[in-house]
Amino acid sequence: MSLILLPAVDVVEGRAVRLVQGKAGSENDYGSALDAALCWQRDGADWIHLVDLDAAFGRGSNRELLSEMVGKLDVQVELSGGIRDDDSLNAALATGCARVNLGTAACENPHWCAQVIAEHGDKIAVGLDVQIVDGQHRLRGRGWETDGGDLWDVLENLDRQGCSRFIVTDVTKDGTLDGPNLDLLASVSDRTNVPVIASGGVSSLDDLRAIAKFTERGIEGAIVGKALYAERFTLPQALAVVRM
């Protein structure tokens, strides 16, 4: 099974940006979010990981734009950012996206999250945004501004609720081009039987080769952001590596 690559388009005020370690104010602007997504589609992407950072930070939303983008793309879209209640969930699903990624809600409102998982099944993934502090694996919420509890406790609860997929990010790696946290990915994939998508730190084709070795252990895909925008490699090059 080949590793699925999901180019990331993180949106702030309609622009495609990349943050460093998820910190507001660390944005690098890469132009129109729609143009970025269409570029990755032209380059061969099967999926786009589309994130409303304004909604994630609770400072507004790009809801109309994201809906327009999903409508104009021919590839599958995983939609994320600020989806924490029925209104934001229904708006996300109404775009026609293939999958919605919940983050903060899994920590702050586990009862609602369980209901959503039960109702929508594999259209729901949960993002596990992890920060390792003094050896403890802590989850981060609200745009990585708040503590969301112990990773392993939350993972066990979500597994029990029937969550169909997890997106695992080491927040200290995201946007740094420092390489992925392979130990974290292995630990999570070994504790669940559902697919895991890796996120954060990919900087080279060798990083993708390393992640691809974990497909038999349940790593289904990898989100790639900064490395593509910084032209460390092209998407066609990356796809060729993981499809070998």
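Just so you know, the numbers here start at 1 and follow the chain as drawn.
Note that Cβ sites are derived from N, Cα and C of the backbone, with glycine treated the same way.
Fair warning: this is a prediction, and the values are worked out from it, not measured in the lab.
Annotated active site, proton acceptor per Swiss-Prot: ASP10, in sequence order, evidence recorded as similarity to another entry. The feature active site, proton donor is assigned by Swiss-Prot to ASP129.
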Q) Hey, what's the Cβ neighbour count for ASP129 (active site, proton donor) at 10 Å? A) 25
(Q) So, three-state DSSP: helix, strand or coil for ASP129 (active site, proton donor)? (A) strand
